[in-house]
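Participant: This is the structure I have questions about; it appears just below.
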There are 2 protein chains.
Amino acid sequence: MFVLLSIFMTLPPLLLFGNDAPNAVAFAESAGLVFALGVLGILLAYGKPRDLKPRYMFVLTVSSWLIISLISSLPFYLSDNAGISLTDAIFESTSGITTTGATVLTGLDTMDQDLLLWRSILQWIGGIGIIGMFVAVLPFLRVGGMRLFATESSEWTDKALPRMKTLSRGLLLVYVVFSILAVLTYWASGMSLFDAFNHGLTSIATGGYSTSDLSMGKFNSDLILLEATFFMMIGGMPFFLFVREMHGQHGVLWRDQQVRLFVAILLLVPLFLTLYRWYINDDFDLASGYISTLFNVTSVVTTTGYASEDYAAWGSFSFVLFFFLMFIGGCSGSTSGGMKIFRFQLSLIVLREQLMRLLHPRAVLTRNFNGRAVSDEIIASMIAYTFIFLLCFMLITLALASLHLDFTTSLSGALTSLTNVGPGLGSVIGPAGNFASIPDAAKWILCGGMLLGRLEILSVVVVLSPAFWRS
Amino acid sequence: MFVLLSIFMTLPPLLLFGNDAPNAVAFAESAGLVFALGVLGILLAYGKPRDLKPRYMFVLTVSSWLIISLISSLPFYLSDNAGISLTDAIFESTSGITTTGATVLTGLDTMDQDLLLWRSILQWIGGIGIIGMFVAVLPFLRVGGMRLFATESSEWTDKALPRMKTLSRGLLLVYVVFSILAVLTYWASGMSLFDAFNHGLTSIATGGYSTSDLSMGKFNSDLILLEATFFMMIGGMPFFLFVREMHGQHGVLWRDQQVRLFVAILLLVPLFLTLYRWYINDDFDLASGYISTLFNVTSVVTTTGYASEDYAAWGSFSFVLFFFLMFIGGCSGSTSGGMKIFRFQLSLIVLREQLMRLLHPRAVLTRNFNGRAVSDEIIASMIAYTFIFLLCFMLITLALASLHLDFTTSLSGALTSLTNVGPGLGSVIGPAGNFASIPDAAKWILCGGMLLGRLEILSVVVVLSPAFWRS
Ligand SMILES: [K+]
Ligand SMILES: [K+]
């Protein structure tokens, strides 16, 4: 973990130095600091024995994300760009590393390119970070029903370690290849190399940072919207299945129940919404309307957060639909946030089981997901996740409202941070607005929400619980 | 059941004839029809053998509520009062019998008194109806974790039948006594006998219909607000515990975990909200402000739906808080709607269990609620309820939004109908508004929501499921 961490930490400055950078000094300072911390980390790690108890893993995971969020704000804070306060810098970096993509910066189109690049790279790191965490840490921690995806290789025994390394290498390879593909595709479709590079990284990471205040609306190209839809979908799928496809297990992706529902949602919801919009609008161009609907729905469901136009202005039905779509999230094992599709599937399984039991009290029923039996423990852990997700949603909404943000802003702000979508709804933080105008206290609350969401909430709750530190 | 039903049906006309009634003809017609139906019901019931299979119970329960909702709209529809369409009449009666209290009528202060009385009586019948259903039907149906409250007496064996009759008589007695107490208290505190009678019935039923467009604000009396708070709390408590207290099991009410949390919420939330309002307002009278806060919070948590002033105008924090309070609901076994407090407690139990398991994977844990073990079946059934509640909430919100109701109206309208609270939030259906202006289609959707909510949703879903009719 520490080795991986220090590599991540030295990566961004190296990449950044290749570009012409108005804030070179700021980045040099930041990089030096981060590198020193990384080396310190390695030295400390070598000093200690490998203690892989749950308790240690929890602390390590939570503190890693927290520290990286704080440290990666340095370039923003130290840059010459006027008006980035410490709060704004930390908000921007937390939003980046958690692949949320909510921004407090405006005038992106004329901003220093190295800062824009740093935002995209942060999201890209965050993307591979969450994929790695899903494979290596979460199933092991039995958090939020994640044990459903545990294989022997996530048991951290000596025997499983080599297999784990193969998997990690495979994940990194797939991630890098898709990123390069995205960059090249965008470049070939008319973006500048700089725009293509940034959007390529933030598409695969389902991050959503853009180089323009208009987000993907800048390019005004249906082709690019379709390409982005494709790459966001890739980002929202379980990467370990790509690796298994690569290792010759063909069809494993398509047979996955989670992927199937994910694709079905992205096919049906935009189709339905397009027809509805066509029905209520007299002058609605079906073709371009469909592409825009498809793109923006995919952006929200994969929790990317790009926008090609102000979808919050599509009428009340769309508004409410987008609100509920923000909950869903992509597949687990992807770079997406949200509640994740498999949790809704597990809930549906429980619901069907209960309906059957109401009618046939003595029937013996078995639960199956992807051909594996679903234990009571997994269901209970999924429930716990859902309950605490909704609890956090409520508390963050109340906290934001206590700072006098309106109903829609509070509700959608809390949701968009917990699900790492990015933009909220309403006139303030909606797809056409941004987070610059909200009070500093609200920004800190949202930072907390983003980290909670990214860490599947329960991990954080465990570390914060008194029982954790007692024994 | 049929006998009980026909008694209910002949009760309202008898009561109504005692009053001076401008719409006597309408009521006579309705009463005649209802009485005929009741007799028909009895005849049919005597013809058939007592088949107490779950399937039969489900159909009987759901169809009873549906039929009563439709039939009891007759006096509104047949009355001389201009402008009550069939839709409005059915909305008003459904809202009455489900003790929701959402109204499409305006000018209540000058409305024919017999119509006002009919609204209150409907809610009073709905209140005792849901209490009876809770004891006799729901635990038996294993719906939504209700089995937690099953005793031997809800098994419908021949042996248990006499005990069931004692319980029913006790419940009716307690309900009537509290209603009379409420009427007398209100009367003694300055209400007219007519107002006292109406508000007495709708307080205990946690119904919320009033005789004024200003609701309880009409009386402008802190004393009446405090009294109403007390009677709404009574209405939100499990009535079978009152019966057990009456039978000499003293302290059983206060030892009940559900009652404790219910009381704690009603003590702490208004206190906290009062302090917050005091903190942000320069001229805030603590004493009367506290009473008003207490009253309106109690009104929403017990799902009564009275208002003494427009609490939606108390600022963003209150607005959001009231939105979340609408979910909670009172205790099960009461006349309240909502998700019910014990479901949140069960969720908390699961959550605590999961947190413990994350830290101590091998620990053996037991679940307890009110000193009884909580089986996995009860948890699963509670989960199924919660999931389908949220699903219905989402679908109704989307349906309302597709009729171009705004975000806040759609969201709070769906919620207030499912939880049987009554008023929603926002400028249209908020505590200062009413449901008159929304489209007819939306009224029908809300009627469906009210019935779904009152029947604990699952019962309805079971009856509507194809599997139910197949075998
Ligand atoms: K995002
Ligand atoms: K009510």
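Placement of Cβ uses the backbone N, Cα and C atoms for every residue, glycine included.
Quick paste of what TrEMBL says about this protein:
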TRANSMEM  A:26-46  transmembrane segment
TRANSMEM  A:58-78  transmembrane segment
TRANSMEM  A:121-141  transmembrane segment
TRANSMEM  A:170-188  transmembrane segment
TRANSMEM  A:223-241  transmembrane segment
TRANSMEM  A:261-280  transmembrane segment
TRANSMEM  A:311-333  transmembrane segment
TRANSMEM  A:382-405  transmembrane segment
TRANSMEM  A:411-432  transmembrane segment
TRANSMEM  A:444-469  transmembrane segment
Participant: Do any residues, 6 or more residues outside the transmembrane segment (A:382-405), come within under 8 Å Cβ-to-Cβ of it, and if so which ones?
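Facilitator: Same-chain contacts beyond the ends: 143-145, 339, 343, 346-347, 411, 413-415, 417-418, 428, 438-439, 441-442, 445-446, 448-449, 452, 456-458, 461.
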Participant: For the transmembrane segment (A:223-241), find every same-chain residue at least 6 residues outside the stretch whose CB is under 8 Å from a CB in it, and list them.
Facilitator: 127, 131, 134-135, 167, 171, 174-175, 178, 181-182, 185-186, 189-191, 199-200, 203-206, 216, 252-253, 256, 258-259, 262-263, 266, 291-292, 294-295, 298-299, 301-304, 306, 308, 330-336
Participant: What parts of the chain pack near the transmembrane segment (A:411-432), using Cβ distances under 8 Å and only residues at least 6 beyond its ends?
Facilitator: 95, 98-103, 207-208, 215, 296, 300, 303-305, 307, 309-313, 319, 322-323, 326-327, 329, 336-339, 389, 392-393, 396-397, 399-400, 405, 438, 442, 446-447, 449-450, 452-454, 457
Participant: I need to check the long-range neighbours of the transmembrane segment (A:311-333): which residues 6 or more away from its ends have a CB within less than 8 Å of a CB in the stretch?
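Facilitator: The answer is 131, 134-135, 146, 149, 206, 235-241, 256, 258-259, 262, 265, 269, 273, 276-277, 280, 296-297, 300-303, 339-342, 344, 411-412, 415-416, 419, 421, 425-426, 430-432.
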